[in-house]
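Asks: Can you keep this structure in mind? I'll have questions shortly.
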Amino acid sequence: MSIAAIILAAGRGSRAGSLQNGPKQYRFLGREPVICHTIRCFLQHPAITNIILVIHPDDYQICANAIADLKDHLTIIEGGETRQISTLQGLRALKNVKPNYVHIHDGARPFIGNELLEQIHTSINHKEGILPVLSVSDTLKYVSNTHHVLETIPRTNLYRAQTPQCFPFELILAAHEKAMQSHKQDFTDDSAIAEWFGIPIRTIPGDPNNIKITWPADLETARSYLLKGMQIFPDIRTGNGYDVHSFEDGHYITLCGIKIPFEKKLNGHSDADVALHALTDALLATQGAGDIGTHFPPSDPQWKNASSEIFLHHAIEIIKKAEGRIANVDITLIAEKPKIGPYRHIMTENLMKILKISTDRISIKATTNEKLGFIGREEGIAALATATVIYPGEIPK
């Protein structure tokens, strides 16, 4: 008995996050992308003889990078505009192999338990499809277009379908070909096509851990599940930043985006916010992304008198693109004058709004230089900043 698997990874759904971070199947889950976990579930099962990975035409490079160590163990083909077309492409790619049975699986389900595969394999026969299902526990409501409840749907005999769904190969191929010839393309899964074609579908108990990553919260759930029973080192990075500016004649200085009345101002190309400059460098350091001068050269006139919050937002966007989460920032201001204490609260509140973290994760403190050096002579202010950012995955071994 030969069993093949088709893994569908051609989707372009954006519900699990912005596509600027890549399709969900290539987002990191632990030390490798979601799709790698999915592939390994089938590779590690001895009964699976062939694996077809169906990807989006634009994803050949990102896929090659993601599955570099696995690509020799499967066949990669180009999918179509819909899930149904992609499945048919995968089935056609197996026509020369002619397996007895074929699994059809969502690439965004990375936790297929070996027990579930075994249960499917002991249940398969040449006449039926096998569908893992979970009972519906929530109360179901039928809602109108105006968001009003029309009726409550009884939960009896209602189930949620999972993948992998397993079918006799020749039957499911014929069903998909017939659906395409009939221009029937409104099916949401393969068991629905099988039902329409007349293939009996037998259900077996699904696995609650076999989640599909659809929404942003699902990625966090998946990461938590992966951590269970595993001793790994999360990818927590720390960056440091330092900046200094001299005084010149003026009426206020800007620190952490807050204007503080003073008989002088800080001299600089931008608004010379020494605190935000140091913090921006600290955040950039967690991505190895250079320093503030790399991104905003002081020789560029467009940054003359610019708000340093622009620089900070830029660093935050770089972190967001890498799916990082700012966990903590610590800023030390070194100055004889002015007194920072009266403004610490409002400075912290401003950083809270910019960084989108709670105030207990923000530390702003000040010290003098004990009358030593240029700071002791009241010629300027220096700032030290440390930032801690958590990124998905773990420290590479």
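Backbone N, Cα and C atoms are what each Cβ position is placed from, and that goes for glycine too.
Fair warning: this is a prediction, and the values are worked out from it, not measured in the lab.
According to Swiss-Prot:
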| type | residues | note |
| --- | --- | --- |
| BINDING | Asp243, Val244, His245, His269, Ser270, Asp291, Ile292, Gly293, Thr367, Thr368, Asn369, Glu370, Phe374, Arg377 | 4-CDP-2-C-methyl-D-erythritol 2-phosphate binding site |
| BINDING | Asp243, His245, His277 | divalent metal cation binding site |
| REGION | 1-236 | region '2-C-methyl-D-erythritol 4-phosphate cytidylyltransferase' |
| REGION | 237-397 | region '2-C-methyl-D-erythritol 2,4-cyclodiphosphate synthase' |
| SITE | Arg15 | site 'Transition state stabilizer' |
| SITE | Lys24 | site 'Transition state stabilizer' |
| SITE | Arg155 | site 'Positions MEP for the nucleophilic attack' |
| SITE | Lys212 | site 'Positions MEP for the nucleophilic attack' |
| SITE | His269 | site 'Transition state stabilizer' |
| SITE | Thr368 | site 'Transition state stabilizer' |
Asks: Where Thr368 (site 'Transition state stabilizer') and Phe374 (4-CDP-2-C-methyl-D-erythritol 2-phosphate binding site) are concerned, what is their Cα separation in Å, rounded?
Replies: 11
Asks: For Ile292 (4-CDP-2-C-methyl-D-erythritol 2-phosphate binding site), find which of the recorded positions Lys212, His269, His277 come within 10 Å, Cα to Cα.
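Replies: Candidates kept after distance check: His277.
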Asks: What is the separation, in Å, between the Cα atoms of Arg155 (site 'Positions MEP for the nucleophilic attack') and Ser270 (4-CDP-2-C-methyl-D-erythritol 2-phosphate binding site)?
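Replies: About 63 Å separates the two Cα atoms.
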Asks: What is the separation, in Å, between the Cα atoms of Lys212 (site 'Positions MEP for the nucleophilic attack') and His277 (divalent metal cation binding site)?
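Replies: Rounded to a whole number, the Cα-Cα distance is 42 Å.
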Asks: If you draw a 10 Å sphere around the Cβ of Lys24 (site 'Transition state stabilizer'), how many other Cβ atoms fall inside it, taking every protein chain shown into account?
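Replies: Step by step: centre on the Cβ of Lys24 (site 'Transition state stabilizer'), count other Cβ atoms within 10 Å, giving 28.
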Asks: Please identify which of Arg155, Lys212 has the densest Cβ environment, defined as other Cβ atoms within 10 Å, among these recorded sites.
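Replies: Result for the most crowded candidate: Lys212.
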Asks: Under 8 Å between C-beta atoms and at least six apart in sequence, can you list the same-chain neighbours of His245 (4-CDP-2-C-methyl-D-erythritol 2-phosphate binding site), or say none if there are none?
Replies: Leu266, Asn267, Gly268, Ala272, Val274, Gly380, Ile381
Asks: I need the CA-to-CA distance for Lys24 (site 'Transition state stabilizer') versus Thr367 (4-CDP-2-C-methyl-D-erythritol 2-phosphate binding site), whole Å please.
Replies: 46
Asks: Would you report the average pLDDT that the model assigns to the region '2-C-methyl-D-erythritol 4-phosphate cytidylyltransferase' (1-236)?
Replies: 90
Asks: Roughly how many Å separate the Cα of Thr367 (4-CDP-2-C-methyl-D-erythritol 2-phosphate binding site) from that of His277 (divalent metal cation binding site), to the nearest whole number?
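Replies: Each residue's Cα considered, Thr367 (4-CDP-2-C-methyl-D-erythritol 2-phosphate binding site) and His277 (divalent metal cation binding site) end up 18 Å apart.
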Asks: Given His277 (divalent metal cation binding site) and Ser270 (4-CDP-2-C-methyl-D-erythritol 2-phosphate binding site), what distance in Å do their CA atoms have, once rounded to a whole number?
Replies: 10
Asks: Near the Cβ of His269 (site 'Transition state stabilizer'), how many other Cβ atoms are there if near means within 10 Å?
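Replies: 16, counting other Cβ atoms within 10 Å of His269 (site 'Transition state stabilizer').
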Asks: Could you tell me which of these binding-site residues, Ser270, Thr367, has the greatest number of Cβ atoms within 10 Å of its own Cβ?
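Replies: Within the set of binding-site residues, the most crowded position is Ser270.
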